[in-house]
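Novice: Have a look at the structure that comes next, please.
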């Protein structure tokens, strides 16, 4: 289908229509060989509550944005390279059905379709595009993903100290490392995570200690390598002693919010995939 639609007038018109809907706030989307494969409305879990978002699937990127006037005006355009995407099917809750998670190195979030068939179609087309791109580029699937943010309404107390109650005056914050909802006292630290942002980001105290320990281990390992280089060059022909090698590191204990927590709702319409 991609080869059939590439560089055709109908494909160019469809992409131009999407660009026009985003207006000056959106980035240009037309590129040689890029094909618009499908579009539809999905419910995206946001920090405050689930909201409908328009999604456009191209053969190399996934684009989504906020709906101002359906099929006429969108804003807050986000572009995700499909090479960076990993999908995870999630169980239904009482409030939200047909859920799955879109995971990337910079941002991960939960979406839901209006029906099981629509979810299957989205996942099937996404996986096909991702597989084709990875085969074409020779890249390996992304292994590191940003943690999805726990919705604000999931808890009334800090998920770290477990005693601070949130209120109008006591704000909720999110750790950018684990995604937990935390109070200000439990998230005063900032840490530079280049994979997520060029600026230091808010993290909870536990994640800060873990990140700091990992950074110190990296610095020590680099220092050890620099010290070993002159020794290896001065003793060429000798094999290093296996008793001095150590690549062990502590496994990071991932904390997960219970899968059966009822966070979501879904009453949205569906467009279709292009053919």
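Numbers run from 1 along the shown chain.
Placed from the backbone N, Cα and C atoms, the Cβ positions cover glycine too.
Dumping what TrEMBL says about this protein:
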DOMAIN    35-131  domain 'PH'
DOMAIN    152-212  domain 'FYVE-type'
REGION    219-275  region 'Disordered'
COMPBIAS  263-275  compositional bias 'Polar residues'
Novice: So how many of the residues in the domain 'PH' (35-131) end up helix, strand or coil by DSSP?
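Specialist: Its residues divide into 19 helix, 51 strand, 27 coil.
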Novice: Tell me the residue counts in helix, strand and coil for the domain 'FYVE-type' (152-212), as DSSP assigns them.
Specialist: 14 helix, 12 strand, 35 coil
